[in-house]
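Feature annotations, courtesy of TrEMBL:
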type: DOMAIN; residues: 315-528; note: domain 'Aminoglycoside phosphotransferase'
type: DOMAIN; residues: 726-811; note: domain 'Acyl-CoA dehydrogenase/oxidase N-terminal'
type: DOMAIN; residues: 815-916; note: domain 'Acyl-CoA oxidase/dehydrogenase middle'
type: DOMAIN; residues: 928-1076; note: domain 'Acyl-CoA dehydrogenase/oxidase C-terminal'
Amino acid sequence: MDEDCGSRDWWRNCACCHGKLLYHEFCSMGLRRFIQASYFQCARTSGIPKHVRYKPPSLVQWRHSGSCIYKAVIFDMGGVLLPSPYKLAVEWEVRNRIPPGTIKQALISGGENRPWMRYMRGELTSAEFLQEFGQQCSETANFSVPVDSFLSDLTSSQMAEQLPIMTEAVACIRAEGLKTAVLSNNFYLHNGLSFLPLDRKQFDVVIESCREGICKPDPRIYTLCLERLGVQPKESVFLDDIGQNLKTAAQLGIKTVKVDDPEAALQELETCLGFPLRGFVPHTRSMRPTMEIPRDTLQKYLEEVLGGQKTGPLTVRQFSHGQSNPTYYLTFGGRHLVLRKKPPGKLLPSAHAVEREYRVLKGLAELGVPVPKVLTLCEDSSIIGTPFYLMEYCTGLIHKDPSLPGLEPGQRRAIYTAMNKVLCKIHSVDLKVAGLEDYGKHGNYVQRQVQTWTKQYRLTETHTIPAMERLIEWLPLHLPEHQKTTVVHGDFRLDNLIFHPDRPEVLAVLDWELSTLGDPISDVAYNCLAHYVPSDFEILKGLKDCAVTQLGIPTAEEYFQMYCEHMGIPPIKNWNFYMAFSFFRVAAILQGVYKRSQTGQASSAAAESGGKQAEFMANIAWDFATKEGFRVFNDFPATKPLARSYSTWPRMGVFPRRSYVTLAPSSAAHASRAHLILSPDGLPERAQGLYHKLKRFMDVNVYPAEQILRDHQVSQARWTPHPLLEELKDKARCEGLWNLFLPVETDPEARYGAGLTNQEYAHLCELMGTSLCAPEIFNCSAPDTGNMEVLVRYGTEEQKERWLQPLLDGKIRSCFAMTEPLVASSDATNIESSIVEEKGFYVLDGRKWWISGALDPRCQLCVFMGKTDPDGQRHRQQSMLLVPMDTPGVTVTRPLSVFGMEDPPAGHGEILFENVRVPKENVLLGAGRGFEIAQGRLGPGRIHHCMRLIGYSERALALMKERVTSRVAFGKPLAEQGTILEDIAKSRAEIEQARLLVLKAALLMDVAGNKAAALEIAMIKMVAPAMALGVIDRAIQAFGAAGLCNDYPLAQFFAWARALRLADGPDEVHRTAVARLELKR
């Protein structure tokens, strides 16, 4: 057979694309729900103990597990996942000679306001809890009880170790596609961290009572857990060891399991779910209903092939990865085997050729290439319905993470060197000796591959991806002139290799489904994909944001140089072409999987989420294509032209991806403070890592949520925050994408924020600006950012503890009250609200309006500016105070709308302050310092709006381009209309100009200070809103009436861009400032 890599498995088959993308199939290409290793045992990650006492039920019992009615399992922590605290209490009382039952009595008595309940609701610090709990226990025991010792034991490493059988059960549940959650009554420790000694990655949702302010058995915390899981009560099972907690859950309609003995509880849970929770084989699950294979005929076949002496029960489990050829784990007669077969259904004769896999494995093994040992090929479809082959189940180490955590730099380099040498060994195979001369066509491999994947992409196209359109035109025009022909693996990457457990030796190369004869450099380029994507990317865990040199991992360039040395060939010049081709191919594969998920043919449960990443990969491919076009300038990186790639996801509106060729990033920690950084790729390593993590989070979580949140803003429930927003905030915080805004000069030790410079944050802030809901999700939204900065700069320790920490944690929101309806508040000295000192209090009176965030039910703090000394010096009359929103006399009288939009749930309120009394200690910095604080509050925050306006504009332009390339008017696409082309050109030029000014202002703020940057700050506040209005207006015009409606973000972009010409200071003020500064130069 004469087949190119993948042609059997893709375009020849049908438009539905029976293609290859195991979760296993890309460099861990693992979508997170997929196990990213192969179908061979990974000793490193399979450390789930076997429990000899437990005899797994017959697999026949679980034959119908696919019909499980439950979608989620919720676990309590103490007494379920962890050892029981009540048993600990009994043992502790014996050791410390405390009357039996003292601790338990204190834990359960006293009602809702007992110390233990308040501690679990986060209302008491650990010190406060120990004092009150100690008093309660001492009263019960009639002598002093050392409760601090009990708390120490309760949080000890022994109590913090998850029960192995529960770890295994969670793994089994997730392998079957169910969600898992932990619903814990927990507390804060002395260090301010919550006590949750679990691997959070085991759970889709984590609910901590001390963070939520409610605890079991309050029904609200169960409802919160269900909402975040996205399931109904009847679709969930809850495990707890306390009867009252279970009773409440049952009243809500949740199936409950009482945990007195963990093993007995798991057996009951198995009965509920319909599949086993022990005897777990890593990366496998029970067979999907559509993928079941007949056991009886298979067992007879195995008896014949393995010899009559091999008998015993046959067990079959399906590997959870596998988008193309289904793969199964078998045990029979003491043998552990792997079976690979064609998928069910009607296939063209050349599709999913397991026969080819068997052939290449057998041929390479005979020449010493480390591959799995194949046993037999069965082409008789009567056995299990399709041809299949068997091989031995291999053991060893599979490194799923390309950064190789836990290893020393020398060990990492040895691993990559061994991988490189094996690839060279594959490419050095004598085709004639191996019997593989006709395994594929000779010559023009890349050309045929481009044609193959282009056709494959067209057959599975569901929407327009601009980068793919450009690549389809570009690749055929830049094909390599000279190509060698060797065996190529087609999917060669680190997690497709099994390593010896004790030395850097490759024992087996896995997954040969895409192998053929072709250009070996394509294998090398594919092997380097991970170097160009971030470590938190869902599909492919990468190295882009890792310090590979420090880790001991060769860079992509070093790895390719190593390959050339091992092969004895000179380096090629068009490396960027091969990288562009590799990412193009991956994008086509992902698109195929996405299409198959829509038709129900993909065998992995998360195939749909995998396919949606095609656009991301296509954008990277186009970046490399652009670099290839400019490679003549490689020796002069600072003078390279800018290259950009944009694309959007329909309706979800994925923002335009910026990528520039600029100065190479410096390794110096202060590099970004000394140079203008035009591109995220030029950011220092840590900031660049945050940028790519943020980009990934936006793509996966934020853009898909936009329409839901926009719809909520016009619903009857609009003044209540949508639960999805809080869920996304929790995810963002868990991923370290939190409080990014505080500049390093304000927070030099990064106690409160990420420690970024203004210029570094500018790139991240622009990215957040592409979605109106994004800043709040990352706790980077006004007015909270300004208020937090005020508290960091000017707040007392007591003020910080009461207000700053909850704001930093995202538990509360705040507002800033300065603007007044009766005076021109753009001049802060005009404000008239009074602040009068009276017997240890300040009494506030006045009316404020346009107070953003005031209507939010989470708003608990108002930073109020008024006059304490009307007769004092002009800039010493004002003071600022911290006013709790529930203070008597504070009345939100009405919401104010912006062009008819109310901006719920935060809103913009008018507030009446009548005889509002606040303690004197609530004053910030001291009386008469209000104007000074107001100016300081507008420090780095002064240009955050401008940064976000660049994001507004980029998103608007991207949506416009997508619209005009997909719409036809007067007989031709809108993109060919002269006025449209002119608008696009204007918008691009204006965005670039404004961005440069924003970055210059940020850089000057970093290196010279805010005062020295006054001119640039005033200029960009004058330029950015006007620029954004023009760009957004052109986009709306291109959209027509659709641009005015709630289906797209353009109308809101326009409204807020216009509002910022007032809210961020009137244009006239900024123009005046610029003119005056210019006249002084």
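Positions of Cβ are set from backbone N, Cα and C atoms, glycine also.
Fair warning: this is a prediction, and the values are worked out from it, not measured in the lab.
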On average, residues of the domain 'Acyl-CoA dehydrogenase/oxidase N-terminal' (726-811) score a pLDDT of 91
Count up the helix, strand and coil residues in the domain 'Acyl-CoA dehydrogenase/oxidase C-terminal' (928-1076) according to DSSP, in that order. 123 helix, 4 strand, 22 coil
From the DSSP assignment alone, can you count helix, strand and coil residues within the domain 'Acyl-CoA oxidase/dehydrogenase middle' (815-916)? 3 helix, 53 strand, 46 coil
Using DSSP, what is the helix/strand/coil residue split across the domain 'Acyl-CoA dehydrogenase/oxidase N-terminal' (726-811)? 48 helix, 2 strand, 36 coil
